[in-house]
Amino acid sequence: MRDSSPRKSSEQERAPGYGIQIGYRTLSIRVEEKDLPSKAKQSTDPADAIASIDVHLISTDEVYTRYSCHPTVGLEEAAVQRRSKDGKNVISPPPTQYWKKVLNYIFGGFNFLMWIAFVVTILSYKPLGGSSPAAVNLGVAVLLMLVIIISATFYAFVDWNASRIMKSIKSLIAHEAAVIRDGKQKLIPATDIVVGDIVVLSTGDRIPADLRIVAASSDLRFDRSLLTGESDMVPGSLEATSDNALETRNLALTSTFVTQGTCNGIVFATGDRTVMGRLVKMSGETKFKLTTIQKEIWFFTKVISSVAFSMFGISLLLFGVWLRTSYPGYDTISSAIMNSIGCLTAFVPQGLPLCFALSLTIIARRMSKRHILVKNLATIETLGCMSVLCSDKTGTLTAGKMAVESIAFLDHHLLVSEMYEKISEAPEPRFFAGLSALHHTARLCNGAKFDSATADRPIHERNVKGDPTDTALLRFSEAMSIPALNIDTSALLSSWRKPFEIPFNSKNKWMLSVVQETRTTGGDITERDSQAWMLVKGAPDILLKSCTTVTRSDGAVVPFDEASRQHMSELQSDWSSEGQRVLALCRKPLDALKPNLSPNDMEELMYSELCNLTLVGLVGIRDPPRPDVPSSVAIIRRAGVRVFMVTGDFKLTAVAIARQHSVDTIDDVKAASSEKHLTDVPLPSIKPSDDDPIRALVLTGEDVSALTPFDWHIIVGQYTEIVFARTTPDQKMKIVEEIKARGDNTVAVTGDGVNDAPALKAADIGVAMGSGSDVAKEAAALILLNNDFASIPVAIEMGRLVFDNLKKVTLYLMPVGSYTEFMAVVTNVVFGMQIPLSSYLQVCFSITNDVVMSISLMYEKAEADLMMRKPRNARTDRLTDWRLFFQIYLVSHSTPSDAWSSQVTYYYMWFVYMDQQGLGFHDVFLAYNNWTDGYHGYTMAQLTHFVNVGQCVYYVTMVFMQYGNLLAIRNRRVSLLQSNPLWGPRKNIAIPIGMVATALIAVINLYGPSLQNVFQTAPIPGMFWGPPFAFGLGILCMDEVRKLIVRTYPKSIVAKMAW
């Protein structure tokens, strides 16, 4: 890390601020705000406030003075308490324009059609109703208004509940920051940061507040895409590069990320006073963006609404130009409008928008129980389409709990568990003198740090800030204590300082530290003329090329000849084949450091010195596999999802871990290149067929760079399991893009590190671990808060379930409106028959029975075969397309005859009742204006009573026959006997509750005195209550036969017609 001023003391070597070199005079550090330089009067305009930022233009010494903090001590607790009164470090969300939300609740979805129906119903009551308007018209208007109010209230409740659940899930992510307080590095909640805090940042960290950089590594880079929209990394600097606070490179702004390097910064603004907070205030309300399914449902709504409104207009047009002139007296304007209202209610699946809104709440609640954070609904939709999972290794397939297992010198290697025993058994401890150099390199060339708040705990229980590899080396070296070899960590840290460092990055695959010994002369600490070392650790296949000497176990340094290289390479291969991550520890003595080198010059010098290294030894680190991964991978495979491993690890290590997860048939890239039978194949068709055997392939980063488009055809189209090893971030992103371009693949990527962020962004679904870097979590769409790989198949199942249930709701709702309510209007207008279903019963059925029953479908659990189906193709398998309408209008949801047989049944019951009153089919059909007083000897009151009772018979038949439809549509292929709603794995109490509720509504409609008086409903004869149940059972039995055929003959025409 480069520093901003000469060093005075090295007493803080063990403290996290040891890298800061600031000349500091002993003055009172409690400078009151009134003693500070006068500042310009603050403007209430956010843009003016941003323009007035000047902290980047002053020197670092002035920064420390302005914010009353010490470069190595930071803030004292008393100062923190005073400054915390300014409020939490939280950016207030943009203001919500509630009036827009309320209008959307009231007029959104299908409610605007209800408003049209309400207006024309009021008009049909008055003035079109004449001097004695029908009370039923006003009653229907009141009912429609009640529907609008209930729908708007439900929309608002679901929206509020979903927001509440999502906020509660997001609150489970604990954003922490490392700060220096009272001379110690502490991990604190990011919300507790105050102005003047010194924040310690490393690769992958989210910047928690606006910072002025006071110390930085030479390779410091930031991701400012959230602010600028540009994905290019921005270098960090100690000096101002622009007068503009948004463009200068010596400021680290909140909500951006450190993508490379390390730095320390002083907080100069928190919460709403940060640049991001002021930009949020300037931007106003966040724009709403429709997700894929929301767009489909909105398109579906527009189509259905257009059809409904067109039919309503055609119905009134037929009355105006034909019925009124050809059959005068058949209908009045008022009654024609009321009868045509059915066109608006018939086509409207009122329950669909409600069910869609409800689905977010249900799925979010289920996922929250598994600690899965879904950032937006689009993720849930896409999860069901996942066809390829590109999984990182460390922390995803493995537990992320690395520990050093093996160490090796040129002539000796041993297990860490046996190290102390071997030393005690040795004739002379100096036989293992090489451990001193290994301990020196492992402890000082390390980017991880212990949290001082847990310093009193055992080493293996302390919290560590750093990546898993550094953490393993840190715990290993901290625990080493061999007095006979003068190995003592405390003494080591107090005797050495680190003036320069190049952190590990995935391109170099090594970390470099320059350390200098400190000496005490007469009580003063000095570094002049002291010894300096360049320490390097990293991938053996990279560093061994730069080594010319090697250390033996006794500490002797010998030439690194070809035989020695071969020996160490074979040892690396053996350890890697066992699943260990192997690191090479190297060092090189340096001449006295030149004190005035700029950071860039220092970096160039170190790169030039990266040769003639001494290989101190190899370290083998084991990361145990997660116990739940093999079973989870098996479930994912059964779901038709291919599992690829993409890692930066050595090839043999990656293959060993892959084989632990049942990927055994590993080919190499040469074997893959021999496949030459994918010429002239469309890109969407490049995928393995169902009959292909499981074939696995291993590729390295070098292979990926050399692949041609045709090679990618072979790899993506022929192999079901692939291991990509030694890949860089750019190569990971390329892998994702190449897979997405072929086979209509929906690609998910898991990762937890900074190097995974580009691939996470490029993927259709980015999945980050809860313990991962802030950069990875920001780039991901899904976060597994408990780092549980087994949550991935759960997430896939939830994504498939929400789509499956929405499809069921659509298929349940549409045939009823299409064939039942609408046909009632058609027979009245076109065939001169009294309307068999009154406008009140139409509206009542649409907003009670349909909504209640469809909502119960949203609580359906996954079918037994849901995770054994192929992934849904996001491009071709849509929620609403021409196939859906074909299924609805011509096939319905079970057998081709179900929809028409149901419609015939409704009319059959209507005509049976009329026949019992002495009115045969020809007496009712084409009656037109003959249906009047004296028709077949009946008075108008009697004829009206017959119609009222017949409408209730029709209505009751609809209600109870829908029970059969509902039970049939619950499953696509599984029999009801294996998935009944009362008990077992598919238990859904909402189904019987919905049935009872709709039955009670029917009874109330028929027997409620007030409803009889206003809406002219009437009780029906007892014989008409039983047959609808029998007809519903018949529908269910027909569908059970269909499902049996589908299960028995999965390639039959019946199976292909199944939805």
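Including glycine, each Cβ sits where the backbone N, Cα and C put it.
Residues or ranges marked as domain 'Cation-transporting P-type ATPase N-terminal' in TrEMBL: 54-126. Residues or ranges marked as transmembrane segment by TrEMBL: 102-123, 135-158, 297-323, 335-363, 809-833, 989-1008, 1020-1038.
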Hey, which bits of the same chain come close to the transmembrane segment (335-363), Cβ under 8 Å, at least six residues off its ends? 108-110, 113-114, 116-117, 120-121, 123-124, 128, 134, 136-137, 140, 147, 151, 154-155, 158-159, 161-162, 165, 293-294, 297, 300-301, 304-305, 307-309, 311-312, 315-316, 319, 323, 374, 377, 380, 798, 801-802, 805-806, 809-810, 813-814, 817-818, 820-822, 824-825, 828-829, 835, 837, 839, 842-843, 846-847, 850-851, 853-855, 857-859
Counting Cβ pairs under 8 Å that are 6 or more apart in sequence, does the total for the transmembrane segment (809-833) and the transmembrane segment (297-323) reach three or more? yes
CB contact flag for the transmembrane segment (102-123) and the transmembrane segment (989-1008), at least three pairs under 8 A: no
For the domain 'Cation-transporting P-type ATPase N-terminal' (54-126), residues assigned helix / strand / coil by DSSP: 45 helix, 3 strand, 25 coil
Same chain only, please: residues at least 6 beyond the ends of the transmembrane segment (989-1008) with a C-beta under 8 Å from a C-beta of the stretch. Say none if there are none. 841, 844, 848-849, 852-853, 855-856, 859, 952, 955-956, 959-960, 962-963, 966-967, 970, 981-982, 1015, 1017-1020
